[in-house]
Amino acid sequence: MSAKSVKLENVTKQFTDDEGKVMTAVKEVSLHIEKGEFATLLGPSGCGKTTTLRMIAGFEELSNGAIMFGEDNVQNIPANKRDCTMVFQSYALFPHMSVYENICYGLKLKKLSKSEIEKRVTPIMDIMNLHVNKNRMPNQLSGGQQQRVALARALVMEPGVLLFDEPLSNLDAKLRITMRDEIRRIQKELGITAIYVTHDQSEAMSLSDRIVVMNEGRIEQVGPPMEIYQKPKTKFVSDFIGTANFLGGVVDKKDSDRLFVKTKQTTIEVLQKDADTFHEGQSVSVVVRPEAINLSKEGTESAKVLKSVFMGQIQEYELDFNGIQLYAVVADPGGKEVYYDGDSVNLTFSQRSLHVVPA
Amino acid sequence: MKENIRKLVKQPLLLILVVLIMLTLIIFIAFPMFQIFLSSFLSNGEINWQGYERVFAGGQLTSALTNSLVLAIIVSILSTAIAYFFAYTFAYIEVPFKKIFNGIAILPVISPPFVIALSAILLFGRGGFISETLLGIENANIYGLHGLILVQTLTYFPVAFLVLAGLLRSISPSLEEASDNLGSTKWQTFKKVTLPLSVPGIGNAFLLVFIQSMADFGNPMTIGGDYNTVAREIYMQAVGSYNMQAGAALAMVLLTVTVILYAVQKFWVGKKSYVTVTGKPTSARKMVSKGVFRRIMIGICYGLSATVILFYILVPIGSFIQLWGVNYSFTLDHYSYVFSIGQKAVVDTLQLSIIATPIGGLFAMILAFLIVRKRFAGKKLMEGISMLSIAIPGTVIGISYILAFNQAPLAITGTALIIIAAFIVRAMPVGIRSGITSLQQIDPSIEEAATNLGASGSKTFFSIVLPLIRPAFFSSLVYTFVKSMTAMSAVIFLVSARYNLITASILAQVESGRIGVASAYCTLLIILMIAAMLVLNGLTALFTGKWKLRKDKQTGAEIISKDAANADSVNAA
Ligand SMILES: Nc1ncnc2c1ncn2[C@@H]1O[C@H](COP(=O)(O)OP(=O)(O)OP(=O)(O)O)[C@@H](O)[C@H]1O
Ligand SMILES: [Mg+2]
């Protein structure tokens, strides 16, 4: 198996409907996915994830731009000749073929001998735990088993690139987690380049080397999960990944790695590596994660508790901070002081967890 | 558009396929239609209105037209009424041996076009069993409007039944229960709920029968007598008096009528069906299981069913009888004629049908596949032409083919090719319809998965698509075979010394009064049809046992009759 890198350069896709109206589903997307990397396209419904994936697979023509597998432009390679296989959301198993026949389908097309096919299929069926179901028809399998067959069928081809379109969305919550770990394990073990589409952020977080956040056909940000969460580049990303409070303000002063943001309430000092991309006087939002809010009884009482809910592992607060509603979470409330509706509290931010994005 | 063209260029096989199919459709449907249009304005190279003047001036052609309309109106009303009666009984009343109704409904689809007409002659004609032997009427005359009404009603009410039974079944019983619950009597519920809800279906059934009656050729030829109709007159003009312009003009008028009615019917099905809005049947309907009302309904339905069956079995009986009305002794003479002098027609028909069957079946599936799954330049046109083909009456195909194919570059008149083409064009709509319906039930990503795993376009089609739409494919194959074997209205124009057909021979025998031989031919056809249906049932059971695509298990015969009821509006002609 030789994994391949995938490069998208300025990829644009426009659809023309029957009345000739043009809609742009993917806009000038450029992206480089390394050999052996697990990259996830994450974004809200309709943002162009599937379309991007389908262009990589060769099911859709590009309106503009280029896609490269390794060094080769795949523009003129038809879908059935591209070195990538796909796991479909609906699994797309061949209903008239047994599990074994489904898995062999691609190998048979490659005109491999029976023994070679056997040699390649057996280890995959081992990994996927499919031997007992070998001769069953797809409609006699559970959702999880069908999912495994779909994965096995794609893996057995030893593709340069493996594509996934929301493969777990039809499974129940528990199975989803098991399968997700399994996919990640196999991908690492075999060193495959994987591109995975989902709109479930926890899936994206747990699977990916890098996450590509998309919105309205464009890439908003590309980066490792932690960076995406802690250092979102845009308001959209910070809002879409995890939960965020926003404090609007303007840049008052700046340093090489620090910003002072003047909000209606206070001036907040934020450690920010890319401080020089901002200029003084620029309107910005300070992203405050719920866990970055500390509450205490000491000092000035700057906020009021509107609602306090005990959730077991965490205590949730809704706070009024000088006219702005904030959502805060305190972990392990058992060992800490708990505040109740109507309490006045002193509110401070964990400076290291704050982050500034353009408004 | 640009991308579509680029896509086509990138998949040369698809490109070739699209071009080939397009050419076929243009050559065998669009071009002939254009030729009739042209010929209807041409006499001796001059453009004029003489053809249409003759159609509307009040002569023989006008009376053919009005006759056809009168006949169609009467037959549609009668058929729809009888069919509604049947359908109501079927949907609301517990009837023992209900399956019989289904069986009867398939008969007109699979039987040769003039079985009932032949039986009617045997029963009510000169020397007819009822008219003369039982009632002692000499020179009874079944020929004419009354005969046609009888024969067409018996032939076409099952088509209307299929439509109405489907509709009544889909009316949610909870609507009627609600009405009962609000204090309505059963009769009020029927009048206020059931009947209004069935209006679209009634309209639909009426139009389907109307189109079939208008386009009917076999019955008027057999039993029409002096009552001239459009389809027959087109044939007379074209073949009898070589007046192509008048024939073409009349054909254009007929075509216009059927296309308009077909469009209205489509619109009605699509837009006016309240029934689908109310959703799936929530609970099973409580069937009427006792009472006088039930017994009367069942009695009438059984009576009518028995009559229809009688009409169908009379022909096989007649085929063994020396001289109907005169000498009722048993004989095999008619069969020995069929298998000696008449053998050529049997062999030719079988040969040509067997050639047409796989081509027609596959053609329909590929066309359905292209329409449902592919995007390419010219798709709209392809869809349009194949839709149009549903609405073209056989006679119109017939006359258009002589007009289109008797001179270079497409001089194929008299060849096997022209007959096979007519067979395929006539049977194609049903195949396309059922292909489209079953493709729409299949997740397109299954085909993409195959492509993704390395299958070429043709490999995907043959290893994935075709196996998955097997029921539709089989039904399309059998339908093509059945329709080819029993085709008459179109091919009657095209038979030649080189290729004779069973249906044409039957007609010739009827015309020369040799009902026995005609009956023997007919019986042979019926046996072949039954064999074909059995093969279909076997194939369908064999290949759909492992996985089920259609939720309810259906036999091949049921599939074919449903597909036919949906798509086939003129083919029985
Ligand atoms: N074949 C098509 N023709 C026209 N528009 C299309 C087509 N396929 C996708 N689109 C449009 O392109 C946009 C992006 O669709 P896409 O399927 O890529 O979204 P997605 O990010 O995968 O969403 P989801 O999470 O809901 O699957 C949508 O607005 C969609 O309506
Ligand atoms: Mg999607």
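Yeah, the Cβs are placed from backbone N, Cα and C, and that goes for glycine too.
Residues annotated as domain 'ABC transmembrane type-1' in TrEMBL: B:65-265 (among others).
Per TrEMBL, the feature domain 'ABC transmembrane type-1' maps to B:346-536 (among others).
Here TrEMBL flags B:12-34 (among others) as transmembrane segment.
The feature transmembrane segment is assigned by TrEMBL to B:69-93 (among others). Non-local neighbours of the transmembrane segment (B:69-93) in the same chain are 101, 145, 148-149, 152-153, 156-161, 163-165, 167-169, 198, 202, 205-207, 209-210, 213-214, 227, 229, 285, 287-288, 294, 297-298, 300-301, 304; each lies 6+ residues outside the stretch with a CB under 8 Å from one of its CB atoms.
As annotated by TrEMBL, transmembrane segment applies to B:100-125 (among others).
The transmembrane segment annotation in TrEMBL covers B:145-168 (among others).
Annotation comment: TrEMBL describes B:193-211 (among others) as transmembrane segment.
What TrEMBL lists as transmembrane segment is B:246-264 (among others). Residues 33, 36-37, 39-40, 50-52, 54-55, 61, 64-65, 68, 207, 210-211, 214-215, 230-231, 233-235, 237-238, 388, 390-393, 395-396, 399-400, 403, 569-570 of the same chain lie 6 or more positions beyond the ends of the transmembrane segment (B:246-264) yet place their CB under 8 Å from a CB of it.
TrEMBL lists B:296-321 (among others) with the feature transmembrane segment.
Residues annotated as transmembrane segment in TrEMBL: B:350-372 (among others). Here the transmembrane segment (B:350-372) has long-range neighbours at 17-18, 21, 24, 379, 382-383, 386, 416, 419-420, 423-424, 427-428, 430-436, 439-440, 461, 465-466, 469, 472-473, 476-477, 480-481, 484-485, 499, 501, 528, meaning same-chain residues at least 6 beyond its ends whose C-beta is under 8 angstroms from one of its own.
Residues or ranges marked as transmembrane segment by TrEMBL: B:384-404 (among others).
Panel annotation: around the transmembrane segment (B:410-428), residues 27-29, 31, 352-353, 355-356, 359-360, 363-364, 367, 386, 389, 392, 394, 397-398, 401-402, 404, 476, 479-480, 483-484, 487, 490-491, 494-496, 498-499, 501, 571 of the same chain, lying at least six beyond its termini, place a Cβ under 8 Å from a Cβ of the stretch. Residues or ranges marked as transmembrane segment by TrEMBL: B:410-428 (among others).
What TrEMBL lists as transmembrane segment is B:515-543 (among others). Remote same-chain partners of the transmembrane segment (B:515-543), defined as residues 6 or more beyond its termini with a Cβ less than 8 Å from a stretch Cβ, comprise 106, 110-112, 114-115, 118, 121-122, 125, 312, 315-316, 318-319, 321-324, 331, 333-335, 337-338, 342, 345-346, 350, 467, 470-471, 474-475, 477-478, 481-482, 485-486, 502, 505-506, 509, 554-557, 559-560.
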Next on the checklist: Can you see whether the transmembrane segment (B:100-125) and the transmembrane segment (B:12-34) are touching - at least 3 CB pairs under 8 angstroms, only pairs 6 or more apart in sequence?
Outcome noted: no
Checklist entry - So, does the transmembrane segment (B:12-34) come close enough to the transmembrane segment (B:384-404) to give 3+ Cβ pairs below 8 Å, pairs being at least 6 apart in sequence? => result yes
